[in-house]
């Protein structure tokens, strides 16, 4: 008799995705982040669901309802901080996952890569709308500033912004619709993640060497299930250390002040995971130009596969490209730092140089250095 997990229509899908899946024998810990992102998503949906049971999306009670969750609901404080810091863990895993893809040439799987970019945009939208919900000062002014960027779109901009706001400013209508979208988007993310996985399983995983590994595959279970469990334990440990010892480390103190449309905070800035894009936005002294640069800072990832000029897939055996990759990492850290600084000298010029370098590395230097490496190897 055949095993039920191989014959049952539903169990068969799970079996082919997580049990009998042929996986390369040499994938490193950098391949753990896909499963960690899945864990983050499940954690966010669960904590978010319990928060939604006690949250009210009305401007008069939103701030109070979050306070109520933290003070009066059983273990409400831990659910709230797990959700807030879970978002940070989500983005840390996202950035490492994308970095892995860039380093090892995983972007050559075009469908998987492009679905990944759509996922990134969706998760960023979800996180932005979630940040608005507590209705603190930074929530309100962050929402005002970021939605206002759409007014830079020629001809339809102003109408578009007022349509999104549901009025002439960020108000009740805005908060209610943001809560609705923030609730539904994670489920859309889940569906997209399933499609992401579907496309990945069409080709199979890449591996650190970038060389096809069809001749050397091992079953996903038990080898990578146990490895993923270890990764999950480390992720949860890190998250809980953050939640239980310094839950407000990554937040903004201004968000503990209830939203006040009549008082602008001295420095409006988004959560840390958006600061790199915010720095690129601010480094261009023109509104429309800044918005375009902001969108392109993420969309540039879609062009990366088209600019792959190397004869090798992975950077494992390409020291010059490795140097450029780590320069890109340092540049992104610089942009993140600049995004949190006031708009004054010397931060303005540093931000502009870092922004230019970011696009230069991805669009010009990487393809050029790859050609040089090909020539050095007489390929």
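Yeah, the Cβs are placed from backbone N, Cα and C, and that goes for glycine too.
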Tell me which range among 205-225, 226-246 Swiss-Prot lists as transmembrane segment.
226-246
What is the total of other Cβ atoms whose distance to the Cβ of residue 201 (ubiquinone binding site) is within 10 Å?
14
In terms of Cβ proximity under 8 Å, which residues at least six beyond the ends of the transmembrane segment (178-198) contact it?
17, 37-38, 41, 44-45, 48, 52, 55, 57, 112, 115-116, 118-119, 122-123, 125-126, 129-130, 132-133, 143
In whole Å, how far is residue 182 (heme b b562 binding site) from residue 201 (ubiquinone binding site) when you measure between their Cα atoms?
29
Could you round the CA separation between residue 97 (heme b b566 binding site) and residue 83 (heme b b562 binding site) to a whole angstrom and send it over?
21
Please indicate, using numbers and ranges, the residues of the same chain that are 6 or more beyond the transmembrane segment (113-133) and have a C-beta under 8 Å from a C-beta there.
48, 55, 57, 62, 66, 87, 90-91, 94, 98, 101, 106-107, 139-140, 142-143, 146, 174-175, 178-179, 181-182, 185-186, 188-189, 192-193, 195-196, 199, 270-271, 273-274, 298-299, 301-302, 305
Tell me the Cα distance separating residue 196 (heme b b566 binding site) from residue 182 (heme b b562 binding site), rounded to the nearest angstrom.
21
Neighbouring C-beta atoms (10 Å sphere around the C-beta of residue 196 (heme b b566 binding site)):
21
